[in-house]
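Trainee: Sharing a structure, written as structure tokens. Questions coming.
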Amino acid sequence: MQRPKSYQISFLLVVLALLLAWVLNISSGSVAIPFEAMLSSLFGGKIEVESWNYIIWNYRIPKGFTAVLVGGGLSVSGLLMQTLFRNPLAGPFVLGISSGASLGAALLLMGTSLISGFASFTLLNDITLAIAASIGSFLVLLVVMVVANRIKDTMALLIIGLMFGSITAAIVSVLAYFSTAENLQRFIFWSFGSVGNLSQTQVLLLAGITGFGVLLSILSIKRLNAFLLGENYAQSLGVSLKKSRLIIIIATGLLAGGITAFAGPIAFVGLAVPHLTRQIFDTMEHRILIPAVFLYGAILMLLCDTIAQLPNSASILPINAITSLVGAPVVIWLLVRKRKMLF
Amino acid sequence: MPDSKTSSISTNGLTIGYKSKAVAGNINFSCDSGELCAIIGVNGIGKSTLLRTLGNLQPKLYGSISINNQDLSTYSSGDLAKKLSVVLTEQPSSKNLTVEELIALGRQPYTNWIGTLTSKDKIYIQESLTAFLLKELRHRKCHELSDGQLQRVLIARAMAQDTPLILLDEPTTHLDLYHKVQILKLLQSLTHNEGKTIIFTTHEIDLAIQLCDKILILDGEQNPFGEPCQLIENEHFERLFPEEMVVFDPKTGAFKVSK
């Protein structure tokens, strides 16, 4: 906390890496576009094929922007949870927040059609999906918070998060059993996760939610730092526990819930990125960690999305699978290497 | 240290505990500026509960606590953080903090919304590092420290908070005799040289008798309070433990195992 300046070079490198990852991300996709053509399109130059211009500006750039928001936002929410729950293994996926969002989405996509078959179409749009998923994640987060207050054992908390995941999976499969094939398909595609296919309004809405969540996180920096000592110490430093917890939870719920609503449940980013970030930014100061974690998450998401696109092929892999393939080994590697995870 | 920073704490008919169950009652004591006070008593009698209650980390049940003759509950949390700092038995949640980072957190009541350290804050942090012989360890992570070193860091953090009143819960547990004495001597010098008021709970009764100005004995009934020699004269230490196990020797001020 003494010399935040010493991380300036690291920040510069990370920002450069982000730009590289972004260029890589938008230069690859199912349609092969030559690199020079892409650059000239970006800088408003002439381009041989008009459809390339359209693909870059209307598909790839919004997708890259979404990936930045999703990766950065999820990672910041993971960082907030690790500090709030004093647990290095906390993250939106592990604590069942993503499951809650899934449940909200599943109830909306498949449940409403059970209750009133015809009304569901009018109810179903992006906004209601986002609201349902956010409500689901908020509810789970509140329950986890209540449990965390009663049970001081952090391992128990993780197990409860996993149980929430199981309960959600069970309810979803019951809903799926009674659901129409069409609605089931919509849910399955949502649950694969995707940063593409978002309309301009959706991207803007996502940017608004993520921006607000990050803003709340930035306003909580001082409290988050105090929480590193433990709640009693934080209180003795003049931090109001109830108010701080509420603000941090709202920030986490907005980030994790909002992002999951639009991009589907994306695993491991929130858990793994804060630990990866600390490999370079070896500090606990949230003033440095919040921007660093956001940038790192954005890079990771852009890279995962680039892989998921399977460059020059028409098929797209579910991004949720890619992040798990990347994230899970990282967590194992960290645990094995350090024997214990510190946060 | 300026006179305006002197502070006294006193309780009147204080009962502590939890909503469902009172832990200890009839607690009356007062500590003035420049005094080192120990709270002693058998396990489970409520020493830590009393300390947390004094630190406003837990609500009291009945009675009153005043700091500078003003009721504890009338202080805002921000003001109280400038009056009173605590050192608890719980370890910091994050062991990944460096020594310097942890001590810097003690400056939070004085920093702006994002916690920027001013040059004045940095002076306090440096002074704490020097006073507790932590300069060499400043960039170490907490999980790399020994118990004694971590305890020094936690006390240094409380000192960086620059409060006239410091409460410590069992600051000498898990330490060997040398480090116990080292910590208690540091506390004594803080009270006598800088005019701070320090209250700590301890099981080191013989050390407390030698080093403290006042002692509060929690026995669950009268809770006698006074200077160590007064308490010895009135034979309060004799009643602390069952006689068939340990006896108190008033001449040496120490306990001996009954033969």
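Including glycine, each Cβ sits where the backbone N, Cα and C put it.
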Trainee: What range among A:24-46, A:93-115 does TrEMBL record as transmembrane segment?
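Mentor: It is A:93-115 that TrEMBL describes as transmembrane segment.
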Trainee: May I ask you to check whether the transmembrane segment (A:198-219) and the transmembrane segment (A:61-81) make contact, with contact taken as at least three Cβ pairs under 8 Å and only pairs 6 or more apart in sequence counted?
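Mentor: Counting Cβ pairs under 8 Å (6 or more apart in sequence), the transmembrane segment (A:198-219) reaches the transmembrane segment (A:61-81), since there are 3 or more.
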Trainee: Taking contact to mean three or more C-beta pairs under 8 angstroms, with sequence separation of 6 or more, is the transmembrane segment (A:61-81) in contact with the transmembrane segment (A:155-178)?
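Mentor: In this chain the transmembrane segment (A:61-81) does not contact the transmembrane segment (A:155-178) - fewer than 3 Cβ pairs sit under 8 Å.
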